[in-house]
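Right, one structure below, let's go through it.
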Amino acid sequence: MCRQCMGHGPVYQARRHSARCPSECPAKRLLQLATTKKQASKFSFTFQRHYPANSCLLPLCSLYGAAITTVEGVGTTKTKLHPIQERLAKCYGSQCGFCTPGMVMSMYSLLRNHPEPTMAQIVASLDGRQMRSGLCKPEEFQPRDPSQDYIFPPELMRMAKEAKGKSLIFKGEKTTWISPGSLQELLELKARYPSAPLVVGNTSVGLDRKLLGIYYPLFLHPARIPDLHVASVEDNGIIIGAATHLAQLRDFLLNIIPEFPTEKTKIYHTLLKQLRTLAGEQIRCLASLGGHIASRASVWDLNPVLAAGRSILNLASIDGARQIPLNDEFLARVPEADLSPAEVIVSVFIPFSEEDEFVSAFRQAERQKNALSIANSAMKVLFHPGTDVIMDLAILYGGIGSTTVSARKTCQQLIGRNWNDQMLEEACRLILEEIILPPSAPGGKVEYRRTLLVSFFFRFYLEVRQGLKSMYPSMYPDLPAEYASALGDFNDKPPQGMQIYQVSEPPQDPVGRPIMHQSGIKHATGEAVFVDDIAPADGQLYMAVVTSTRAHAKILSIDVSEALEEPGVVAVVTADDIPGTNGDGKEKVFAEDEVIYIGHIICGVVAETYECAKRATGKVKVEYQDLELILTIEEAIEHNSFLTKEKKIEKGNVEKAFLTVEKIIEGEIHIGGQEHFYLETNSVFVIPRKEDNEMDIYVSTQDASKVQELVASVLNAQSNRIMCHTKRVGGAFGGKITKPSFFSAAAAVAANKTGRPVRFILERVDDMLIHGGRHPLLGKYKVGFMNDGKIKAVDLLFYINGGCTLDESELVIEYVVLKSSNAYDIPNFRSRGWACKTNLPSNTAFRGFGFPQAALCAETWVTAVADHLGLPHDKVREMNMYKSVTKTPFKQEIDPRNLVVCWEECLKISDYYNRQKAAEEFNRQNSWKKKGLAIIPMKFSVGFNSTFYHQAAALVHIYLDGSVLVSSGGIELGQGILTKMLQVASHELKIPMSYIHPYERTTVTVPNAIVTAGSVGSELNGKAVQNACQILRKRLEPIIKNNPEGKWEDWIKTAFEESISLSATGYFKGYFTNMDWDKGEGHAYPYFVFGAACSEVEIDCLTGAHKNIRTDIVMDACFSINPGIDIGQIEGGFIQGLGLYTMEEIKFSPEGQQYTLGPDTYKIPAVCDVPEQFRIYLLPNSRNPMAIYSSKGMGEAGVFLSSSVFFAIRDAVAAVRKERGFSDPFILDSPLNCERIRMACADRFTEMNTGIGGMFIQNYISLR
């Protein structure tokens, strides 16, 4: 099982082979019979199937007879690269590289099945995966070589023949796995073991074991039974075997639908629609139709469709066969309509649709694809022939209760009614009366889900109206024009990218050119080594932790006796085992007397296997005495619970200015937090050495020196005995600055106690439970302005939720305050902020470091001013922007001329004004879908407000063969820092990059290095590498002068013979920065990054869904060291910001328990969220005298620019509200997800649930 991602782990490609010849296959035989009778189908499941699969969903026993190809089998650097791997690496498709093998395997499986795939197939293969645009031209690559692909092993073919019809039994210590060879045998086993689960794809049972800890002593694996794989066309419908995978069902439907009249295949079209968005391709290739039906989860999308379509389940047991309807009673588990414990689903009969029948299905999820539905529905109506009189009606909803529910009473009352507007009004009323969703319903979003009930029906009503008009043109009127846009989903297109940038001359100089990521090929081949890829050490133990189940409580007792009795457990480590200091004075490694949040680490269990350690954590007994809870910012303010003192900056005289302005408004905005969701969870591997108390720590961190310092303190050892190593990190985004040192310290205590190596790899759920994320923010504003839109005074109050310890909250609130004006030059400006202390996980550094929250607040009050005056938003923004050299509110000089250039260039390349007119015209013609457009400026402050944070060191060796080894204090997080170090060294030493190799970040070669963060890691460490290389080059100058025609190798040999040192330490003291908070002024940052972004979206007013149509970004990157990598950072930051502002939401219970743990409940953007047109433009002919080679740091600036999507959505919502008569200005909180969008699009359906205007609208207060 994959412990990394729970459903998003390594992806393999599996191939299966059947021992039967085509004539022996029951599925094929049934298809042949159907073809003989109806000549309607030529489809058959292939006997050798290639499919991608997540390792975490593949029980080992299920792979008997399968050939597994991992990414290493596709191609390696030692054999031959596959074209997919080469393209992905050379087109900058890999950054941290942790998820790259999964991308490779998804595409490889697609090509094995479809050598010439369509664009739709390509997009489907990447469903649920992140993606960004490439920079390379196709003609640069060699074509695919089919001979490179493996054949199916003949040995497995022989095994398949031998195992035909035989049972396979695998016995473990506690579990038995039986794979019967025939249906009869399965029925006998089911009669003997009625509670044994049937496992085909393991997508349900596997998660039950993982998430709920459900234990099964016996599994039945019926995947080898031919009767469960039928796929036949009958006289009145189709029969699909229960073990048919969902991807196979999709392919089968795609094959047969064209062979039948449209009126017969309506139900099949509806199933296909749901299958396109259900899960990702890896899941669809594993999950079975029978499992989907039998598990009957409320949010499963196919079950309501099958029930509405009057499907029949063919059941079998040892007592015989029978049929039951797959209806609402079955889905609700009504005993009289359910399976008996000894029965199994053999197949599903799905009838043809009738001529006067209409079937539709709907769903809405947090993400368009590969996300569980918030609510789904299937609806079917059958009319008396040639009329619109309802003869039969079915309305089913999922996601509303614990099971799929039916509006059966509503349907009964509507039978005999005409399909008209009066029926619609009555139906909506009846549905809301029948389908009850109490305010405390699990999953929340009650008003939204109730609104979806009637919104879905309204869309169905219109679809049927349109269908009736199509069938009987003369009998029914045309659909009113204002309703036409309520029909249909978005017209999705695959994303396309464009990048425009300058490159350096001459071409042989690597600096300023798009050089492939140094580890890109290794990412794509799976050869890049992350912490958990390190081979086990002798005597290695595994660690799992016991965490608090209370948010704030005293620890009365900890009983570990039962855990120690668990076979395989070696020790339990607590605070009592720490020989030195427990923590850093602000936070503890292990809780002692008190726990202060749910997830607080109390102790660790170390055992011979991870499974044993994890199991034993459940046997540690902790007694608590609950204490008072504080969870929200509002509660913290009420209880005066703060982590920091007030931070304040002020410019001008705010109070006096408010007396002179013509208008004043006040308002507030809430901005939610965000999980880092790095693909590599926190990971540490500690290996104690056998002498001198030395210890090697391999850790995924942004700050190896911090790890070294804390571990030494905890072990009461000198730092020179603790050696930290970080080769690369599988994503960090600020989340691996502070916490890895505590995880490392915990593992080090365990290693110190046992004297054995300890591997501590957090599971995804534990990582999200223990670790905080981006700070939620409450921003309050008071703005004074003139009637022309000129803002004269702004007064801001900020509160961030810091969680239970200080962590990085003081820096974050400082940055919030300092950056709160964004790109606007306000003559009278005051900003104050506090970090609140609550009983939640400590929130920490996150890409952007407070700026994405503070700047969103700034754009909100600028937007509020424009709305209040009825002025165009872009004009008010431009009017108040910095334009000439001046000073910031904290008295630092700023030259904003490139800000103006970025703004004007963005207006130009985005064709803003023409597209704005086109969007307005679209909105006039469409009532239920609206477009919005927004352009946003950005002034981003790079770096830190203390000089010592900007220092850097490097060590460069030249060996006698001329090769060079570069070691710096920077850590490769995916941002390409090592690639840039190679470019710097190559440029300074004037040798090819192929001569140079980067060494891992280790405290052995570079001590006391500063954290890799703040967008400045590359330039600071680049300065240090530059310094070292210049020292070496200067030493070599006399030799080069004496032999100018010599080779590099000759010069190095001569230098050695002349006793010239070929090793140099480079150092950069850092940029001068300072901030005096007593005065509220200083030179807080080394320089600014300017940019602008324009985004266009389309929203669905009935569901709240939105589509990102186009984004244009102009960035003042100055002279980019590596445009390929920098553009990737801009794109990646933008997509991460897209999640922050439109999708990602962290939720807690009133007791402080986090609900959103894992990828099933917390959704980050995927391929389907990338703008259809994504264009990046790096401003040419721009220079930054502060940084190396006149470059600028691009790691974080892109995050905020995705707020252009937020305000484009808001623009679309404003168009809806204006059309519907709501003229009051309004504020929308972040994330602006489908729920908030829908409820802001006030209409009669929201009014039925919440009152006009919805519950997610704040009207700001006008004071003048």
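Keep in mind that glycine also has a Cβ here, set from the backbone N, Cα and C atoms.
Counting Cβ atoms from all protein chains shown, Cys56 ([2Fe-2S] cluster 1 binding site) has 20 others lying within 10 Å of its own Cβ. Per TrEMBL, the feature [2Fe-2S] cluster 1 binding site maps to Cys56.
The [2Fe-2S] cluster 2 binding site annotation in TrEMBL covers Cys96, Cys99. Sequence-distant neighbours of Cys96 ([2Fe-2S] cluster 2 binding site) (same chain, six or more apart, CB under 8 Å from its CB) are Tyr678, Leu679, Glu680, Arg728, Val729, Gly730, Gly731, Ala732, Leu973, Gly974, listed in sequence order.
Taken from TrEMBL, the feature domain 'FAD-binding PCMH-type' applies to 170-355.
According to TrEMBL, the feature FAD binding site maps to Leu198, Val199, Val200, Gly201, Asn202, Thr203, Ser204, Val205, Asp301, Arg363. The number of other Cβ atoms within 10 Å of the Cβ belonging to Asp301 (FAD binding site), over all protein chains shown, comes to 26.
Annotation for Arg847 (Mo-molybdopterin binding site): spatial neighbours Phe733, Gly734, Gly1133, Gln1136, Gly1195, Glu1196, Val1199, criterion Cβ-Cβ under 8 Å with sequence separation of six or more. Sequence annotations record features per position, and here TrEMBL assigns Mo-molybdopterin binding site to Gln702, Phe733, Arg847, Gly1014.
The substrate binding site feature in TrEMBL is assigned to Phe849. Other Cβ atoms within 10 Å of the Cβ of Phe849 (substrate binding site) number 27 in total over all chains.
Taken from TrEMBL, the feature active site, proton acceptor applies to Glu1196. Around the Cβ of Glu1196 (active site, proton acceptor), a 10 Å sphere holds 29 further Cβ atoms from the protein chains shown.
Comment: Mo-molybdopterin site residues Gln702, Phe733, Arg847, Gly1014; largest CA to CA distance 12 Å, whole number. Candidate binding-site residues: Cys56, Val200, Asp301, Gly1014. Nearest to Cys99 ([2Fe-2S] cluster 2 binding site) by Cα distance: Cys56.
Sequence-distant neighbours of Asn202 (FAD binding site) (same chain, 6+ residues apart, CB-CB distance under 8 A): Leu57, Leu58, Pro59, Ser62, Leu286. With respect to Val200 (FAD binding site), the closest of these binding-site residues in Cα terms is Cys56, chosen from Cys56, Gln702, Phe849, Gly1014. Considering other CB atoms within 10 Å as the measure, the emptiest surroundings among the binding-site residues Ser204, Gln702 are those of Ser204. Cα separation, Phe849 (substrate binding site) to Gly1014 (Mo-molybdopterin binding site), rounded: 8 Å. In sequence order, Lys190, Leu220, His221, Pro222, Gly290, Gly291, Ala294, Val344 are the residues of the chain that are 6 or more apart from Leu198 (FAD binding site) and have a CB within less than 8 Å of its CB. The Cβ of Cys99 ([2Fe-2S] cluster 2 binding site) has 23 neighbouring Cβ atoms from other residues within 10 Å, across all protein chains displayed. Same-chain residues with CB within 8 A of the center of the Gln702, Phe733, Arg847, Gly1014 CB atoms, the Mo-molybdopterin site residues themselves not counted, are Ala732, Gly734, Gly735, Ile737, Ala845, Phe846, Phe849, Leu973, Thr1012, Ala1013, Gly1195, Glu1196. Distances between the Cα of Gly1014 (Mo-molybdopterin binding site) and those of the binding-site residues Cys56, Ser204, Asp301 are shortest for Cys56.
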